[in-house]
Amino acid sequence: MLIRNATLADGDTCDVRISGDRITAVAGEGESLSTSDDDHDEGEPRVIDASGKRLLPGMIDVHVHFRQPGFGHKETWETGTKSAAAGGVTTIVDQPNTEPPTVNEAAFAKKHEYADQAHIDFGINGGVTGDWDPDSLFDQPLFALGEVFLADSTGEMGIDTSLYVDALERASEADVTVTVHAEDETLFNESSKSRTDADAWSAYRRPKAEAKAVEQACTLAAERDSQIHVAHTSTPQGIDAAADHGMTCEVTPHHLFLSRDDYPELDTHGVMNPPLRREGLRRDVYDRVVDGTVDMIATDHAPHTATEKQTGVWDAPSGVPGVETVLPLLLAEAEHGGFDYERVRDLTATNPADTFGLPNRGRVQEGNYADLVLVDPDTITEITPDRLHTKCTWTPFEGRDAIFPEWTMLRGDYVFERDVDDPFGEPRGKNVRS
Ligand SMILES: NC(=O)N[C@@H](CC(=O)O)C(=O)O
Ligand SMILES: [Zn+2]
Ligand SMILES: [Zn+2]
């Protein structure tokens, strides 16, 4: 297959040849590729004219919750991976707070069976609880350890410092990265508990609880020569602490684009961990995404039903969906001039591939897997829940500008094509560690 005249993230116009599951040639300005026999399918030329369109590496989202086993009423591997494919994501990493939690060989195997339904490639993280079985867990084709919960979140898998230190040591021996949910619950503001408005969640799980926990998690890791990746940093202090210790961090689309100013509209649908911050802090986080202090964007796609969310602030489960809207939001922001397309590519594909050791992914380059997304930058549309494919019937980004993919390709095959009868085809996702 030949993709002609595509504009890459760096602005170069290129021809890209795909044979089998790989990119086999990328030819820049002035050296266009000619069609070969491989670019014909039963006599039909398989040449795509991508003039005026952007071609990007598929997003690698290292933080999603696809809920099975245990909570298939919120999301399934099928709906979650279809939603991801429709948003230009070609690899996801699932987190361990399912039922059973992914803390031993049997639980890992059970999750792997559900992952047979995956339409895109995936990694499965191993979790840490008092009952975890590191010996059997590290024998599995694990993506990483985490998210290791230093405070309770959905699933109540919060652990104490001594277990965290054990996990760091075991992971270090196995040469596995530890992804950390860093909040210090001893610093939560108990006085906010008398309030019943949704903003009380942000007042309760306040910024210093994250700042302190990130600092401590990084210090403990650095002392043991372990590498950690800090999940969903939502404060400039958290981001800077991770960077200062030589650790990596991710920012979610909700902490990048939403703030406490959005509670009047979102109400308890805007409750997540860590919580939304004040507008000034959001801007500080945004600046660190632009200047490269933040390593990657990951969604923490954490679907809950609308009914579950429409309870009081102290009862509503934490988390918002995001896997289908993240790249479209970032692309619209690039088109509006917030940052450039190269930054989007690095944050969504190149840096996650390099940080977590995924060779042959994250770049549009010869020899890499043909994990690709094509978008028309002139087609900016508004996000509405009815156009999304997640089981979650709501989105915190309703009404925002987005550039959705025309198609998404995984290892040379389409996993999403807009405006065709069967946009997804058969599930063909594989474990990236197998
Ligand atoms: N972020 C959230 O608020 N919720 C996540 C868990 C987590 O990432 O902490 C979930 O699984 O629902
Ligand atoms: Zn978390
Ligand atoms: Zn999470």
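Every residue number used here counts from 1 along the chain in the order it is shown.
Even glycines carry a Cβ here, placed using N, Cα and C.
Note that TrEMBL annotation is computational and uncurated.
Per TrEMBL, the features are as follows:
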type: DOMAIN; residues: 55-381; note: domain 'Amidohydrolase-related'
type: BINDING; residues: HIS63, HIS65, GLU147, ASP300; note: Zn(2+) 1 binding site
type: BINDING; residues: HIS65, PHE66, ARG67, ASN97, HIS304; note: substrate binding site
type: BINDING; residues: GLU147, HIS181, HIS232; note: Zn(2+) 2 binding site
type: ACT_SITE; residues: ASP300; note: active site
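Location within the structure of each feature annotated in TrEMBL.
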{"residue": "HIS63", "record": "Zn(2+) 1 binding site", "contacts (Cβ under 8 Å, 6+ apart)": "VAL93, GLN95, GLU147, THR179, ALA231, HIS232, GLU250, THR252, ALA298, THR299, ASP300, HIS301"}
{"residue": "HIS65", "record": "Zn(2+) 1 binding site", "contacts (Cβ under 8 Å, 6+ apart)": "GLU75, ASP94, GLN95, ASN97, THR98, THR154, ASP300, HIS301, ALA302, PRO303, GLY319"}
{"residue": "PHE66", "record": "substrate binding site", "contacts (Cβ under 8 Å, 6+ apart)": "GLU75, THR76, TRP77, GLY80, THR81, ILE92, ASP94, TYR114, HIS301"}
{"residue": "ARG67", "record": "substrate binding site", "contacts (Cβ under 8 Å, 6+ apart)": "LYS74, GLU75, THR76, GLY80, THR98, PRO303"}
{"residue": "HIS181", "record": "Zn(2+) 2 binding site", "contacts (Cβ under 8 Å, 6+ apart)": "GLY146, GLU147, VAL148, PHE149, LEU150, ALA151, SER153, ALA231, HIS232, ASN273"}
{"residue": "HIS304", "record": "substrate binding site", "contacts (Cβ under 8 Å, 6+ apart)": "LYS74, THR154, ALA316, PRO317, GLY319, CYS392"}
Sorted by sequence, non-HIS63, HIS65, GLU147, ASP300 residues with Cβ within 8 Å of centre, Zn(2+) 1: VAL64, GLN95, HIS181, ALA231, HIS232, ALA298, THR299, HIS301, ALA302
Listed binding-site residues adjacent to ligand 1, that is, members of ARG67, HIS181, ASP300 whose C-beta is under 6 A away: HIS181, ASP300
Filtered binding-site residues, from HIS63, GLU147, HIS181, whose Cβ is under 6 Å from an atom of ligand 2: GLU147, HIS181
Overall pLDDT of the domain 'Amidohydrolase-related' (55-381), taken as the mean: 98
Environment of GLU147, HIS181, HIS232, the listed Zn(2+) 2 site - residues of the same chain whose CB lies within 8 A of the CB centroid: HIS63, GLN95, GLY146, PHE149, SER153, THR179, VAL180, ALA182, VAL230, ALA231, ASN273, ASP300
